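Database features, via TrEMBL:
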{"type": "REGION", "residues": "49-142", "note": "region 'Disordered'"}
{"type": "COMPBIAS", "residues": "107-116", "note": "compositional bias 'Acidic residues'"}
{"type": "REPEAT", "residues": "155-174", "note": "repeat 'Cell wall-binding'"}
{"type": "DOMAIN", "residues": "584-704", "note": "domain 'L,D-TPase catalytic'"}
{"type": "ACT_SITE", "residues": "H655", "note": "active site, proton donor/acceptor"}
{"type": "ACT_SITE", "residues": "C680", "note": "active site, nucleophile"}
Amino acid sequence: MTGKSKKDWLSGKLKLGAMVATASVASVMLLGVYAFGEPDAGILPVSDVQQEEVEGQETTPATPGEENDGLVVAEGEGDGTDAGSVSGDGADTDADTDGEGAGAGDDNADVADEGPDGATDVDNGKDDAPEAPQPGLKVEGSSITFVGDDGAAVANAWQKVDGKWYYFGANTQALRNGIQKVDGKLYLFSANGQMESGARTWGDGSQSEFVAQSDGKAPAFTGFKTISGKTYYYSPESGKTVKWEQWIDGKFYYFNGKYQMVTGWVTWNADGSKSYFGSNGQAQSGFMKQGKYTYYLSPKTFKSVKWEQIINGNLYYFNGKYQMYTGGMLTWNADGSKSYFGADGKARSGFQKVNGKTYYFSPKTFKSVRWEQKIDGKWYYFNGKYQMHTGWLTWNADKSKSYFGANGQALTGFQKLGGKTYYFNPANAHSVKWEQRINGSDYYFNGSGHMVTGPVTWKADGTVSVFGSDGKMVNSDWVKSGGAYYYIDPKTQRAVKWQQKIGRYYYYFNGKCRMHTGWLKWNGVNEWSYFDGNGRRLGGTQKINGYTYKFDSNGRTKTKPVTIPAAQQRMIDKAQQFSSDTSWLILVDRDTRHVGIFRGSKGNWRLDKYWLCCVGKPTSPTITGTYKVSGKGLSFGNGYTCWYYTQIKGNYLFHSVSYLPGSKTKLLDGRLGVANSHGCVRLEISNAKWMYDNVPYRSKIYIY
């Protein structure tokens, strides 16, 4: 070896020794530092494998130690100062000049070949390939790696070095500086990459526990753990205890500022709502009672609710303090409607009587209804205060009416109320008016909705329709209404007027379509016709009211009829409505004090006698009504004599005026045309005898 080459070799040897020494010192210094950075520094995941939850492991509680960036290190742990030191004689910084002592630890020592003359040659390495890295832990500045026996840096694997565990990631660098995730589990690594175990309390007060397993590794404990009666939850994501609101496995929990699980009632500051946490810490849902108040905890938020709530199809109300409202009526501000809540808090539906008033609460909204409502096929009405109405109601729109019974139901169909008949349309329970066709028949109702019977004159054409006592319009034939007769033309269904031939006879109907009886003078000529009690026009020679008249082929006479008093004519007209068991009929008009004797039959009575009489005085009036001749006698009296009596009823009689006892010529009281009797009808003696002699038993008597 030449002097120059030997000098170069020696120089290289010295430089190499210095570098090794420097690296060793740096390694010792680096591995002895416990700097984990910020307490909440993010965890650097190594793989996406799901962590295994480790529960129930016995852990070593944290002990006071040196604080480094918020981490309290337990004493006696983390001693890794010799993990990266270089051992062996070859680590000496002073290289031997004679080639001895170049041990395996001298990574840069040249291999010396001894020449044949005993001299040693030094290979300058210019022509040789570089040597492979030596196995072991490599600390170079901020880099910590591990070279395996195959000369390759270890990646994604655990490595135990001098009793300490390291984990080298995909980039071959050791994980360090805090909690890191490896194969789904959390581990704690020091600044020099060594895995740590035991309990830790972080700068924010949270805690972690890293529990050594049988394989020597110490993953973070996760899950629930009870310590000194307090339960904590160690997050699988951070390895630290949690606080405040937490969702864990789909369940809602709450941990206080000391990271302790809370049970019982909690009031949330944000809105004053409440939650209740059971003995297992899980938030409860549904109805919960605290003291005398009931709350409902939402299954979604596990917090109490307020205001209107539909729960299991029922309406509930919770006030601003989240307390359930019970046992009373509640008025809604929006529209003034009401809801009624029972003792169980459920809003009632259907009909409810509250404070003497009946309300109906909709099964859909549970709120009271108002105005017109159809409920189960029946019409009801609720006023502006939502109270059920009974009795009459007039609708503003058309002034029609409805009638609501004691049960609140509106009447429909034909109804008789207050002596008047109405028809309430089943479609809306409103009364109808004017002409209506109901169940195939025609009816007429006036402007007040009252069903009309009798004649109705149509304004459009002046024709007349007649409605029977049942309200149905008569479509044909004769009809009697209000004491008058009408004839309905089957073709027009209207009452006829003026002279009409019906069947074999002529009749006359006035401008109101009423059948005429008695004398009729034709306009413009001095001719008269007479229509008997049946309305038939007479012809030929006829004796009328005691006078004889001759009528031509048109039923007219030029002989002026003898005028009879109006009262007498009224009696004649009235007589036509009666029938009798005989061909005789007696009528008594108490107002005019007249008796009429008629011959004939119903509708065809002819006045045969018309006599002045005396009737009962006001203190003993003559009876009224319909009777039959039931007895006769020659005379009666005590201190006087009344002759020829015909019995009306009991002591009520037709008889002569009073005479002195036994006399027929000496009057005691012969007055007529006055109301002076004790109730009997007094007649002139000749008239009393005529009645006694001619009017048979069972003849009808009508007194009015």
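Cβ from N, Cα, C; glycine included.
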Applying a 10 Å Cβ distance cut-off over all chains shown, what neighbour count does C680 (active site, nucleophile) have? 20
Simplified to three states, DSSP reports the residue listed as 'active site, nucleophile' as coil
Taking DSSP as the reference, which of helix, strand or coil describes H655 (active site, proton donor/acceptor)? strand
Give me the DSSP three-state residue breakdown of the domain 'L,D-TPase catalytic' (584-704), ordered helix, strand, coil. 10 helix, 61 strand, 50 coil
Number of helical, extended and coil residues in the repeat 'Cell wall-binding' (155-174), per DSSP: 0 helix, 11 strand, 9 coil
